[in-house]
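As structure tokens, the structure follows; a few thoughts come after it.
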Amino acid sequence: MARIPTAALGCISLLCLQLPGSLSRSLGGDPRPVKPREPPARSPSSSLQPRHPAPRPVVWKLHRALQAQRGAGLAPVMGQPLRDGGRQHSGPRRHSGPRRTQAQLLRVGCVLGTCQVQNLSHRLWQLMGPAGRQDSAPVDPSSPHSYG
């Protein structure tokens, strides 16, 4: 359910990138059409670090506009530090290990269904030994529960 707002924000940002003048007009900006910018010429001697800091993307402007409409006191704006330093609880921390918000399974090895069946079968064989099926009933080929 949390992916729907993320997908909606992504669609809106793509739409704003396709229509560069629509965001400034909707926010009360200049009604003139915006000229598309030309990419800067690259030379082999230019360094990897940009000379000027990169401008904030259109998504940032959209986010700021939406935050202003909702009310500035309701949620912190992206990129600004939290007022309380990011701590939610003032008491001591009981567990010193890394905190996980949800229970996470540690994936080791192959995650294909056939590999999992193979691993479970091998573990059963290890637990029961090679004489594992001697105590069970023989397979009846005419039974609907058998594979025969």
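Indices start at 1 and increase along the chain as displayed.
Placement of Cβ uses the backbone N, Cα and C atoms for every residue, glycine included.
Positions annotated as signal peptide by Swiss-Prot: 1-24. The feature region 'Disordered' is assigned by Swiss-Prot to 26-57, 70-101. The site 'Required for CALCRL receptor interaction' annotation in Swiss-Prot covers ARG107, THR114, ASN119 and rests on experimental evidence. The disulfide bond annotation in Swiss-Prot covers CYS110-CYS115. The tyrosine amide feature in Swiss-Prot is assigned to TYR147; the stated evidence is similarity to another entry.
Secondary structure from DSSP puts CYS110 (disulfide bond) in coil.
Among the listed recorded sites, namely THR114, ASN119, the Cβ with the most fellow Cβ atoms inside 10 Å is that of ASN119. Summarising the environment of CYS110 (disulfide bond), the number of other Cβ atoms within 10 Å of its Cβ, over all protein chains shown, is 11. Here the Cβ of CYS115 (disulfide bond) has 11 other Cβ atoms within 10 Å, regardless of which shown protein chain they belong to.
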